(Lines of atoms letter the chains of each structure in order from A and count residues from 1; the text may use other names and numbers.)
(Lines give C-alpha, C1' and ligand atoms only; values in the text may rest on other atoms or scores of the structure.)
Protein backbone atom coordinates (compact mmCIF):
# COMPACT_ATOMS: atom_id res chain seq x y z
CA UNK A 1 0.00 0.00 0.00
CA UNK A 2 1.58 3.35 -1.01
CA UNK A 3 2.34 5.83 1.74
CA UNK A 4 0.66 9.22 2.11
CA UNK A 5 3.95 10.88 1.10
CA UNK A 6 4.10 8.83 -2.10
CA UNK A 7 0.49 9.74 -2.94
CA UNK A 8 1.31 13.40 -2.28
CA UNK A 9 4.34 13.16 -4.59
CA UNK A 10 2.16 11.64 -7.34
CA UNK A 11 -0.35 14.49 -6.95
CA UNK A 12 2.47 17.07 -7.08
CA UNK A 13 3.83 15.49 -10.28
CA UNK A 14 0.34 15.63 -11.83
CA UNK A 15 -0.06 19.28 -10.84
CA UNK A 16 3.40 20.13 -12.21
CA UNK A 17 2.63 18.37 -15.50
CA UNK A 18 -0.68 20.19 -15.79
CA UNK A 19 1.12 23.46 -15.09
CA UNK A 20 3.73 22.67 -17.77
CA UNK A 21 0.97 21.80 -20.27
CA UNK A 22 -0.79 25.08 -19.45
CA UNK A 23 2.45 27.04 -19.98
CA UNK A 24 3.04 25.20 -23.25
CA UNK A 25 -0.51 26.09 -24.40
CA UNK A 26 0.06 29.72 -23.35
CA UNK A 27 3.24 29.93 -25.45
CA UNK A 28 1.33 28.68 -28.51
CA UNK A 29 -1.18 31.55 -28.30
CA UNK A 30 -0.86 34.50 -30.70
CA UNK A 31 -0.02 37.76 -28.94
CA UNK A 32 -2.16 40.80 -29.81
CA UNK A 33 -0.19 44.08 -29.83
CA UNK A 34 -1.59 46.85 -27.60
CA UNK A 35 -4.83 45.00 -26.90
CA UNK A 36 -4.86 46.42 -23.36
CA UNK A 37 -4.80 50.01 -24.67
CA UNK A 38 -7.78 52.12 -25.78
CA UNK A 39 -8.75 51.54 -29.44
CA UNK A 40 -9.60 54.96 -30.89
CA UNK A 41 -9.55 53.82 -34.54
CA UNK A 42 -12.53 52.21 -36.25
CA UNK A 43 -10.09 49.61 -37.61
CA UNK A 44 -6.51 49.21 -36.42
CA UNK A 45 -4.94 47.17 -39.21
CA UNK A 46 -2.09 45.93 -37.02
CA UNK A 47 -4.62 44.52 -34.55
CA UNK A 48 -6.76 43.12 -37.39
CA UNK A 49 -3.70 41.36 -38.81
CA UNK A 50 -3.02 39.73 -35.43
CA UNK A 51 -6.60 38.42 -35.34
CA UNK A 52 -6.52 37.26 -38.99
CA UNK A 53 -6.55 33.48 -39.31
CA UNK A 54 -9.39 31.75 -37.43
CA UNK A 55 -12.06 33.22 -39.72
CA UNK A 56 -10.22 32.04 -42.84
CA UNK A 57 -9.84 28.53 -41.40
CA UNK A 58 -13.57 28.58 -40.63
CA UNK A 59 -14.40 29.86 -44.15
CA UNK A 60 -12.79 26.78 -45.74
CA UNK A 61 -15.92 24.78 -44.87
CA UNK A 62 -17.81 27.20 -47.18
CA UNK A 63 -15.46 26.22 -50.03
CA UNK A 64 -15.27 22.44 -49.68
CA UNK A 65 -16.05 20.02 -52.56
CA UNK A 66 -19.64 19.70 -51.26
CA UNK A 67 -20.12 23.42 -51.87
CA UNK A 68 -18.51 23.16 -55.31
CA UNK A 69 -20.88 20.28 -56.17
CA UNK A 70 -23.81 22.45 -55.11
CA UNK A 71 -22.44 25.42 -57.12
CA UNK A 72 -22.04 23.30 -60.26
CA UNK A 73 -25.58 21.93 -60.08
CA UNK A 74 -27.08 25.33 -59.14
CA UNK A 75 -25.44 27.01 -62.14
CA UNK A 76 -26.14 24.24 -64.66
CA UNK A 77 -29.78 23.66 -63.61
CA UNK A 78 -30.85 27.17 -62.55
CA UNK A 79 -28.47 29.58 -64.26
CA UNK A 80 -27.95 32.68 -62.11
CA UNK A 81 -31.33 32.17 -60.42
CA UNK A 82 -29.98 30.79 -57.12
CA UNK A 83 -27.20 33.33 -56.49
CA UNK A 84 -29.43 35.16 -54.00
CA UNK A 85 -29.81 31.89 -52.04
CA UNK A 86 -26.00 31.55 -51.99
CA UNK A 87 -25.62 35.16 -50.81
CA UNK A 88 -28.17 34.98 -47.99
CA UNK A 89 -26.95 31.53 -46.91
CA UNK A 90 -23.50 33.07 -46.49
CA UNK A 91 -24.93 36.04 -44.54
CA UNK A 92 -26.86 33.65 -42.25
CA UNK A 93 -23.71 31.56 -41.90
CA UNK A 94 -21.76 34.67 -40.82
CA UNK A 95 -24.42 35.49 -38.21
CA UNK A 96 -24.16 32.01 -36.70
CA UNK A 97 -20.35 31.98 -36.85
CA UNK A 98 -20.28 35.26 -34.90
CA UNK A 99 -22.35 33.63 -32.13
CA UNK A 100 -19.86 30.73 -32.02
CA UNK A 101 -16.91 33.12 -32.05
CA UNK A 102 -18.39 35.19 -29.20
CA UNK A 103 -19.00 32.06 -27.11
CA UNK A 104 -15.35 30.99 -27.45
CA UNK A 105 -13.89 34.47 -26.83
CA UNK A 106 -16.01 35.35 -23.79
CA UNK A 107 -15.91 32.01 -21.97
CA UNK A 108 -12.60 30.48 -23.08
CA UNK A 109 -14.44 27.22 -23.78
CA UNK A 110 -15.72 25.96 -27.11
CA UNK A 111 -19.24 24.78 -27.91
CA UNK A 112 -18.59 21.05 -27.42
CA UNK A 113 -17.12 21.73 -23.96
CA UNK A 114 -20.18 23.76 -22.96
CA UNK A 115 -22.42 20.94 -24.21
CA UNK A 116 -20.45 18.42 -22.12
CA UNK A 117 -20.83 20.58 -18.99
CA UNK A 118 -24.54 21.31 -19.44
CA UNK A 119 -26.29 18.24 -20.88
CA UNK A 120 -26.79 14.93 -19.03
CA UNK A 121 -24.93 11.90 -20.41
CA UNK A 122 -27.61 10.46 -22.77
CA UNK A 123 -28.47 13.69 -24.68
CA UNK A 124 -24.78 14.67 -24.66
CA UNK A 125 -23.82 11.42 -26.40
CA UNK A 126 -26.75 11.81 -28.82
CA UNK A 127 -25.62 15.36 -29.67
CA UNK A 128 -22.03 14.16 -30.16
CA UNK A 129 -23.22 11.38 -32.50
CA UNK A 130 -25.25 13.87 -34.55
CA UNK A 131 -22.21 16.13 -34.88
CA UNK A 132 -19.97 13.17 -35.80
CA UNK A 133 -22.52 12.18 -38.45
CA UNK A 134 -22.26 15.68 -39.94
CA UNK A 135 -18.43 15.44 -39.91
CA UNK A 136 -18.54 12.02 -41.60
CA UNK A 137 -20.90 13.38 -44.28
CA UNK A 138 -18.60 16.32 -44.89
CA UNK A 139 -15.52 14.06 -44.93
CA UNK A 140 -17.07 11.85 -47.60
CA UNK A 141 -17.50 14.88 -49.87
CA UNK A 142 -14.02 16.20 -49.17
CA UNK A 143 -12.30 12.84 -49.71
CA UNK A 144 -14.25 12.23 -52.93
CA UNK A 145 -13.51 15.74 -54.23
CA UNK A 146 -9.78 15.40 -53.61
CA UNK A 147 -9.61 11.94 -55.16
CA UNK A 148 -11.45 13.20 -58.28
CA UNK A 149 -8.88 16.02 -58.58
CA UNK A 150 -6.00 13.53 -58.22
CA UNK A 151 -7.62 11.32 -60.87
CA UNK A 152 -7.88 14.27 -63.32
CA UNK A 153 -4.35 15.57 -62.71
CA UNK A 154 -2.89 12.07 -63.15
CA UNK A 155 -4.79 11.73 -66.47
CA UNK A 156 -6.79 8.84 -65.04
CA UNK A 157 -3.74 6.79 -63.98
CA UNK A 158 -4.74 6.99 -60.30
CA UNK A 159 -8.27 5.58 -59.88
CA UNK A 160 -10.83 7.16 -57.51
CA UNK A 161 -10.44 4.46 -54.83
CA UNK A 162 -6.64 4.96 -54.76
CA UNK A 163 -7.13 8.74 -54.57
CA UNK A 164 -9.41 8.17 -51.57
CA UNK A 165 -6.67 6.23 -49.76
CA UNK A 166 -4.02 8.86 -50.65
CA UNK A 167 -6.28 11.62 -49.32
CA UNK A 168 -6.96 9.71 -46.10
CA UNK A 169 -3.23 9.25 -45.47
CA UNK A 170 -2.49 12.85 -46.45
CA UNK A 171 -4.71 14.27 -43.68
CA UNK A 172 -2.11 13.16 -41.12
CA UNK A 173 0.25 15.82 -42.48
CA UNK A 174 -1.99 18.12 -40.43
CA UNK A 175 -0.17 17.07 -37.24
CA UNK A 176 3.17 17.86 -38.89
CA UNK A 177 1.95 21.34 -39.93
CA UNK A 178 0.46 22.08 -36.50
CA UNK A 179 3.87 21.60 -34.85
CA UNK A 180 5.15 24.68 -36.70
CA UNK A 181 2.65 26.93 -34.91
CA UNK A 182 -0.84 28.21 -35.55
CA UNK A 183 0.23 31.23 -37.65
CA UNK A 184 2.07 29.06 -40.17
CA UNK A 185 -0.89 26.67 -40.30
CA UNK A 186 -3.22 29.61 -40.97
CA UNK A 187 -0.88 30.92 -43.68
CA UNK A 188 -0.85 27.50 -45.36
CA UNK A 189 -4.65 27.36 -45.46
CA UNK A 190 -4.90 30.95 -46.72
CA UNK A 191 -2.52 30.06 -49.57
CA UNK A 192 -4.84 27.21 -50.59
CA UNK A 193 -7.79 29.64 -50.58
CA UNK A 194 -5.67 31.87 -52.83
CA UNK A 195 -5.09 28.96 -55.25
CA UNK A 196 -8.86 28.35 -55.38
CA UNK A 197 -9.54 32.04 -56.06
CA UNK A 198 -7.00 32.13 -58.91
CA UNK A 199 -8.14 28.83 -60.48
CA UNK A 200 -11.85 29.60 -60.44
CA UNK A 201 -11.15 33.27 -61.32
CA UNK A 202 -9.34 32.15 -64.50
CA UNK A 203 -12.32 29.90 -65.35
CA UNK A 204 -14.61 32.91 -64.84
CA UNK A 205 -12.56 35.08 -67.21
CA UNK A 206 -12.48 32.29 -69.84
CA UNK A 207 -16.26 31.78 -69.71
CA UNK A 208 -17.04 35.56 -69.60
CA UNK A 209 -20.54 35.47 -67.99
CA UNK A 210 -22.99 38.38 -68.21
CA UNK A 211 -22.35 40.74 -65.25
CA UNK A 212 -25.88 42.21 -65.29
CA UNK A 213 -27.42 38.73 -65.05
CA UNK A 214 -25.15 37.96 -62.08
CA UNK A 215 -26.30 41.11 -60.22
CA UNK A 216 -29.94 40.25 -60.96
CA UNK A 217 -29.36 36.73 -59.62
CA UNK A 218 -27.99 38.14 -56.35
CA UNK A 219 -30.70 40.79 -55.90
CA UNK A 220 -33.92 39.15 -57.18
CA UNK A 221 -35.26 36.35 -54.92
CA UNK A 222 -36.78 33.74 -57.22
CA UNK A 223 -36.74 29.94 -57.24
CA UNK A 224 -38.54 27.82 -59.82
CA UNK A 225 -40.31 24.68 -58.59
CA UNK A 226 -37.72 22.44 -60.26
CA UNK A 227 -34.87 24.13 -58.32
CA UNK A 228 -36.29 23.97 -54.77
CA UNK A 229 -34.14 20.97 -53.82
CA UNK A 230 -31.08 22.77 -55.24
CA UNK A 231 -31.84 25.83 -53.08
CA UNK A 232 -32.09 23.60 -50.00
CA UNK A 233 -28.86 21.88 -51.02
CA UNK A 234 -27.07 25.25 -51.11
CA UNK A 235 -28.23 25.98 -47.55
CA UNK A 236 -26.98 22.58 -46.38
CA UNK A 237 -23.69 22.93 -48.26
CA UNK A 238 -22.89 26.47 -47.12
CA UNK A 239 -23.80 26.28 -43.41
CA UNK A 240 -22.14 23.24 -41.86
CA UNK A 241 -23.03 22.16 -38.30
CA UNK A 242 -19.54 21.10 -37.21
CA UNK A 243 -18.10 24.39 -38.47
CA UNK A 244 -19.97 26.24 -35.70
CA UNK A 245 -18.26 23.98 -33.17
CA UNK A 246 -14.92 24.55 -34.90
CA UNK A 247 -15.07 28.35 -34.94
CA UNK A 248 -15.83 28.57 -31.20
CA UNK A 249 -12.50 26.76 -30.63
CA UNK A 250 -10.34 28.48 -33.27
CA UNK A 251 -10.83 31.98 -31.81
CA UNK A 252 -9.17 30.85 -28.57
CA UNK A 253 -5.78 30.81 -30.33
CA UNK A 254 -5.40 34.53 -29.51
CA UNK A 255 -4.11 35.61 -26.10
CA UNK A 256 -6.57 37.87 -24.32
CA UNK A 257 -7.41 38.60 -20.68
CA UNK A 258 -11.00 37.40 -20.27
CA UNK A 259 -11.29 39.28 -16.98
CA UNK A 260 -10.94 42.53 -18.96
CA UNK A 261 -14.20 43.66 -20.56
CA UNK A 262 -12.21 45.96 -22.87
CA UNK A 263 -10.04 43.14 -24.26
CA UNK A 264 -13.04 40.85 -24.79
CA UNK A 265 -14.84 43.64 -26.70
CA UNK A 266 -11.77 44.20 -28.90
CA UNK A 267 -11.49 40.44 -29.59
CA UNK A 268 -15.18 40.19 -30.51
CA UNK A 269 -14.91 43.24 -32.77
CA UNK A 270 -11.88 42.07 -34.76
CA UNK A 271 -12.97 38.43 -34.93
CA UNK A 272 -16.24 39.71 -36.40
CA UNK A 273 -14.49 41.89 -39.00
CA UNK A 274 -12.08 39.10 -39.97
CA UNK A 275 -14.91 36.54 -40.25
CA UNK A 276 -16.89 38.96 -42.45
CA UNK A 277 -13.93 39.44 -44.81
CA UNK A 278 -13.24 35.69 -44.97
CA UNK A 279 -16.85 34.77 -45.74
CA UNK A 280 -17.14 37.57 -48.32
CA UNK A 281 -14.14 36.02 -50.13
CA UNK A 282 -15.75 32.56 -49.88
CA UNK A 283 -18.98 33.97 -51.36
CA UNK A 284 -17.06 35.46 -54.31
CA UNK A 285 -15.28 32.14 -54.98
CA UNK A 286 -18.59 30.23 -54.88
CA UNK A 287 -20.15 32.86 -57.15
CA UNK A 288 -17.33 32.37 -59.68
CA UNK A 289 -18.11 28.63 -59.89
CA UNK A 290 -21.89 29.13 -60.19
CA UNK A 291 -21.39 31.77 -62.91
CA UNK A 292 -19.00 29.57 -64.93
CA UNK A 293 -21.47 26.67 -65.05
CA UNK A 294 -24.48 28.95 -65.55
CA UNK A 295 -22.83 30.59 -68.55
CA UNK A 296 -21.49 27.41 -70.11
CA UNK A 297 -24.14 24.78 -69.35
CA UNK A 298 -27.51 26.29 -68.31
CA UNK A 299 -30.23 25.25 -70.72
CA UNK A 300 -27.98 22.78 -72.54
CA UNK A 301 -29.89 19.48 -72.98
CA UNK A 302 -28.40 16.23 -71.68
CA UNK A 303 -26.51 17.71 -68.72
CA UNK A 304 -28.63 16.20 -65.94
CA UNK A 305 -25.61 14.24 -64.65
CA UNK A 306 -23.22 17.20 -64.31
CA UNK A 307 -21.36 17.31 -61.01
CA UNK A 308 -17.87 17.02 -59.52
CA UNK A 309 -17.08 13.76 -61.29
CA UNK A 310 -18.07 15.03 -64.75
CA UNK A 311 -17.42 18.80 -64.50
CA UNK A 312 -13.84 18.57 -65.82
CA UNK A 313 -14.95 16.63 -68.91
CA UNK A 314 -17.64 19.20 -69.76
CA UNK A 315 -15.24 22.10 -69.17
CA UNK A 316 -12.72 20.49 -71.52
CA UNK A 317 -15.37 20.06 -74.25
CA UNK A 318 -16.53 23.66 -73.86
CA UNK A 319 -13.32 25.60 -73.12
CA UNK A 320 -10.42 23.27 -73.91
CA UNK A 321 -7.94 21.04 -72.07
CA UNK A 322 -6.39 23.91 -70.08
CA UNK A 323 -9.75 24.66 -68.44
CA UNK A 324 -9.99 21.04 -67.30
CA UNK A 325 -6.64 21.10 -65.47
CA UNK A 326 -7.17 24.58 -64.00
CA UNK A 327 -10.45 23.29 -62.54
CA UNK A 328 -8.69 20.22 -61.11
CA UNK A 329 -6.05 22.39 -59.37
CA UNK A 330 -8.78 24.46 -57.69
CA UNK A 331 -10.68 21.30 -56.71
CA UNK A 332 -7.52 19.74 -55.24
CA UNK A 333 -6.88 22.86 -53.13
CA UNK A 334 -10.50 22.82 -51.93
CA UNK A 335 -10.34 19.14 -51.02
CA UNK A 336 -6.99 19.32 -49.26
CA UNK A 337 -7.71 22.29 -47.02
CA UNK A 338 -11.27 21.20 -46.16
CA UNK A 339 -10.11 17.68 -45.26
CA UNK A 340 -7.53 19.12 -42.87
CA UNK A 341 -9.99 21.54 -41.24
CA UNK A 342 -12.34 18.55 -40.93
CA UNK A 343 -9.54 16.91 -38.93
CA UNK A 344 -9.34 20.02 -36.75
CA UNK A 345 -13.10 20.13 -36.07
CA UNK A 346 -13.15 16.37 -35.39
CA UNK A 347 -10.48 16.83 -32.71
CA UNK A 348 -12.34 19.64 -30.96
CA UNK A 349 -15.71 17.88 -31.12
CA UNK A 350 -14.47 14.55 -29.73
CA UNK A 351 -12.22 16.14 -27.10
CA UNK A 352 -15.01 18.50 -26.03
CA UNK A 353 -17.87 16.02 -25.79
CA UNK A 354 -15.88 13.08 -24.41
CA UNK A 355 -13.19 14.98 -22.47
CA UNK A 356 -10.35 12.96 -23.99
CA UNK A 357 -7.10 13.63 -22.15
CA UNK A 358 -4.57 11.79 -24.29
CA UNK A 359 -1.52 12.64 -26.38
CA UNK A 360 -2.35 14.89 -29.40
CA UNK A 361 -1.23 12.29 -31.97
CA UNK A 362 -3.46 9.62 -30.37
CA UNK A 363 -6.42 12.02 -30.32
CA UNK A 364 -5.76 12.88 -33.97
CA UNK A 365 -5.63 9.18 -34.89
CA UNK A 366 -8.88 8.36 -33.06
CA UNK A 367 -10.81 11.37 -34.38
CA UNK A 368 -9.60 10.87 -37.94
CA UNK A 369 -10.37 7.14 -38.02
CA UNK A 370 -13.83 7.75 -36.51
CA UNK A 371 -14.79 9.93 -39.47
CA UNK A 372 -12.47 8.91 -42.29
CA UNK A 373 -13.03 5.11 -42.24
CA UNK A 374 -16.81 5.39 -42.90
CA UNK A 375 -16.03 8.09 -45.48
CA UNK A 376 -13.57 5.80 -47.32
CA UNK A 377 -16.01 2.87 -47.32
CA UNK A 378 -18.91 4.97 -48.65
CA UNK A 379 -16.69 6.69 -51.24
CA UNK A 380 -15.41 3.36 -52.59
CA UNK A 381 -18.84 1.64 -52.58
CA UNK A 382 -20.62 4.61 -54.22
CA UNK A 383 -17.90 5.37 -56.78
CA UNK A 384 -20.40 5.10 -59.68
CA UNK A 385 -22.96 7.51 -58.18
CA UNK A 386 -20.76 10.17 -56.61
CA UNK A 387 -22.76 13.23 -57.71
CA UNK A 388 -26.13 12.04 -56.44
CA UNK A 389 -24.38 10.98 -53.20
CA UNK A 390 -22.97 14.50 -52.80
CA UNK A 391 -26.42 16.02 -53.31
CA UNK A 392 -27.91 13.86 -50.53
CA UNK A 393 -24.96 14.61 -48.25
CA UNK A 394 -25.70 18.34 -48.58
CA UNK A 395 -29.27 17.59 -47.50
CA UNK A 396 -27.85 15.61 -44.53
CA UNK A 397 -25.91 18.72 -43.45
CA UNK A 398 -29.14 20.74 -43.52
CA UNK A 399 -30.95 18.13 -41.39
CA UNK A 400 -28.12 18.25 -38.81
CA UNK A 401 -28.05 22.07 -38.59
CA UNK A 402 -30.45 22.49 -35.62
CA UNK A 403 -28.05 20.47 -33.44
CA UNK A 404 -25.43 23.20 -33.83
CA UNK A 405 -27.60 26.33 -34.15
CA UNK A 406 -29.82 25.70 -31.11
CA UNK A 407 -27.03 24.88 -28.61
CA UNK A 408 -24.94 27.92 -29.61
CA UNK A 409 -28.02 30.14 -29.36
CA UNK A 410 -28.97 28.63 -25.99
CA UNK A 411 -25.52 29.14 -24.44
CA UNK A 412 -24.93 32.65 -25.85
CA UNK A 413 -28.36 33.72 -24.51
CA UNK A 414 -27.44 32.70 -20.96
CA UNK A 415 -26.40 35.55 -18.65
CA UNK A 416 -24.83 32.98 -16.32
CA UNK A 417 -22.46 31.85 -19.11
CA UNK A 418 -21.95 35.08 -21.08
CA UNK A 419 -22.45 37.80 -18.46
CA UNK A 420 -22.72 41.25 -20.09
CA UNK A 421 -22.02 39.70 -23.49
CA UNK A 422 -25.22 37.63 -23.67
CA UNK A 423 -27.31 37.95 -26.84
CA UNK A 424 -29.72 40.86 -27.30
CA UNK A 425 -33.36 39.72 -27.30
CA UNK A 426 -33.78 40.87 -30.93
CA UNK A 427 -30.85 38.65 -31.95
CA UNK A 428 -32.52 35.67 -30.24
CA UNK A 429 -35.81 36.29 -32.06
CA UNK A 430 -34.00 36.40 -35.40
CA UNK A 431 -32.01 33.20 -34.79
CA UNK A 432 -35.05 31.34 -33.44
CA UNK A 433 -36.97 32.42 -36.55
CA UNK A 434 -34.05 31.23 -38.67
CA UNK A 435 -34.08 27.90 -36.81
CA UNK A 436 -37.81 27.49 -37.48
CA UNK A 437 -37.22 28.16 -41.20
CA UNK A 438 -34.45 25.54 -41.29
CA UNK A 439 -36.63 23.05 -39.39
CA UNK A 440 -39.53 23.74 -41.81
CA UNK A 441 -37.16 23.04 -44.72
CA UNK A 442 -36.10 19.83 -43.00
CA UNK A 443 -39.76 18.80 -42.61
CA UNK A 444 -40.15 19.27 -46.36
CA UNK A 445 -37.01 17.19 -47.03
CA UNK A 446 -38.13 14.48 -44.62
CA UNK A 447 -41.56 14.26 -46.29
CA UNK A 448 -39.85 13.96 -49.69
CA UNK A 449 -37.53 11.26 -48.35
CA UNK A 450 -40.33 9.38 -46.58
CA UNK A 451 -42.58 9.31 -49.65
CA UNK A 452 -39.68 8.01 -51.77
CA UNK A 453 -38.64 5.14 -49.47
CA UNK A 454 -41.70 4.24 -47.36
CA UNK A 455 -42.91 1.45 -49.65
CA UNK A 456 -44.18 -0.80 -46.83
CA UNK A 457 -46.14 -0.23 -43.63
CA UNK A 458 -43.22 -1.38 -41.45
CA UNK A 459 -40.87 1.14 -43.12
CA UNK A 460 -43.44 3.91 -42.62
CA UNK A 461 -43.75 3.06 -38.89
CA UNK A 462 -39.96 2.98 -38.40
CA UNK A 463 -39.57 6.33 -40.21
CA UNK A 464 -42.40 7.87 -38.16
CA UNK A 465 -40.71 6.83 -34.90
CA UNK A 466 -37.37 8.20 -36.16
CA UNK A 467 -38.94 11.53 -37.15
CA UNK A 468 -40.73 11.80 -33.80
CA UNK A 469 -37.44 11.27 -31.93
CA UNK A 470 -35.67 13.77 -34.22
CA UNK A 471 -38.15 16.58 -33.54
CA UNK A 472 -38.41 15.74 -29.83
CA UNK A 473 -34.64 16.04 -29.53
CA UNK A 474 -34.73 19.38 -31.38
CA UNK A 475 -37.34 20.63 -28.88
CA UNK A 476 -35.15 19.46 -25.99
CA UNK A 477 -32.06 21.24 -27.35
CA UNK A 478 -34.06 24.42 -28.09
CA UNK A 479 -35.59 24.95 -24.63
CA UNK A 480 -32.90 23.37 -22.45
CA UNK A 481 -32.75 20.43 -20.08
CA UNK A 482 -34.58 21.93 -17.09
CA UNK A 483 -37.44 23.56 -19.01
CA UNK A 484 -37.99 20.45 -21.12
CA UNK A 485 -38.47 18.21 -18.08
CA UNK A 486 -40.59 20.86 -16.32
CA UNK A 487 -42.95 20.83 -19.33
CA UNK A 488 -43.08 17.01 -19.23
CA UNK A 489 -43.96 17.13 -15.51
CA UNK A 490 -46.73 19.66 -16.13
CA UNK A 491 -48.14 17.51 -18.95
CA UNK A 492 -48.15 14.49 -16.62
CA UNK A 493 -49.96 16.52 -13.92
CA UNK A 494 -52.56 17.70 -16.46
CA UNK A 495 -53.03 14.12 -17.63
CA UNK A 496 -53.39 12.80 -14.05
CA UNK A 497 -55.84 15.61 -13.17
CA UNK A 498 -57.84 14.81 -16.29
CA UNK A 499 -57.87 11.11 -15.39
CA UNK A 500 -59.02 11.84 -11.80
CA UNK A 501 -61.75 14.17 -13.08
CA UNK A 502 -62.94 11.47 -15.49
CA UNK A 503 -62.95 8.98 -12.62
CA UNK A 504 -64.91 11.37 -10.33
CA UNK A 505 -67.40 12.07 -13.11
CA UNK A 506 -67.83 8.34 -13.77
CA UNK A 507 -68.34 7.64 -10.02
CA UNK A 508 -70.95 10.42 -9.77
CA UNK A 509 -72.91 9.00 -12.72
CA UNK A 510 -72.84 5.52 -11.18
CA UNK A 511 -74.05 6.85 -7.80
CA UNK A 512 -76.89 8.78 -9.44
CA UNK A 513 -77.88 5.70 -11.41
CA UNK A 514 -78.00 3.62 -8.20
CA UNK A 515 -80.16 6.27 -6.42
CA UNK A 516 -82.64 6.35 -9.30
CA UNK A 517 -82.94 2.58 -9.23
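Placement of Cβ uses the backbone N, Cα and C atoms for every residue, glycine included.
A TrEMBL annotation is a machine prediction, not a hand-curated record.
TrEMBL lists 47-63 (among others) with the feature transmembrane segment.
TrEMBL lists 83-105 (among others) with the feature transmembrane segment.
Here TrEMBL flags 126-152 (among others) as transmembrane segment.
Here TrEMBL flags 158-177 (among others) as transmembrane segment.
Taken from TrEMBL, the feature transmembrane segment applies to 189-208 (among others).
The annotation transmembrane segment is assigned in TrEMBL to 228-251 (among others).
Under 8 Å from some Cβ of the transmembrane segment (272-294) lie the Cβ atoms of residues 43, 48, 51-56, 58-59, 62-63, 67-68, 71-72, 74-76, 78-80, 82-83, 86-87, 90, 93-94, 97-98, 101, 193, 196-197, 200-201, 203-204, 207, 209, 213-214, 217-218, 238, 247, 306, 311, all in the same chain and six or more residues away from its ends. Among the features that TrEMBL reports, transmembrane segment is placed at 272-294 (among others).
Sequence-distant contacts of the transmembrane segment (325-344) (same chain, six or more residues past either end, CB-CB distance under 8 Å): 57-58, 60-61, 63-65, 67-68, 135, 138-139, 142-143, 145-150, 152-153, 167, 170-171, 173-174, 177, 189, 192-193, 195-196, 198-200, 202-203, 242, 246, 250, 308, 311-312, 315, 364, 367-368, 371. The feature transmembrane segment is assigned by TrEMBL to 325-344 (among others).
For 365-386 (among others), the entry in TrEMBL reads transmembrane segment.
Within its own chain, the transmembrane segment (392-411) has Cβ neighbours under 8 Å at 66, 69-70, 96, 99-100, 103, 111, 114-115, 118, 127, 130-131, 133-134, 137-138, 140-141, 229, 232-237, 239-245, 248, 417-418, 423, 428, 431-432, 434-435, 438-439, 441-442, 445-446, 473-474, 477-478, 480, counting only residues six or more beyond its boundaries. If you look up TrEMBL, you'll see 392-411 (among others) marked as transmembrane segment.
Taken from TrEMBL, the feature transmembrane segment applies to 431-454 (among others).
Look at TrEMBL and you will find 460-479 (among others) tagged as transmembrane segment.
Highest Cβ contact count with the transmembrane segment (228-251) among the listed stretches 47-63, 83-105, 126-152, 189-208 falls to 83-105 (criterion: pairs under 8 Å). With a cut-off of 8 Å between Cβ atoms, the residues of this chain six or more beyond the transmembrane segment (83-105) that come close are 54-55, 58, 62, 71, 74, 111, 114, 214, 217-223, 231, 234-235, 238-239, 243-245, 247-252, 256, 258, 264, 267-268, 271-272, 275-276, 279-280, 282-283, 286-287, 290, 404-405, 408-409, 411-412, 417-418, 421, 423, 430-431, 434.
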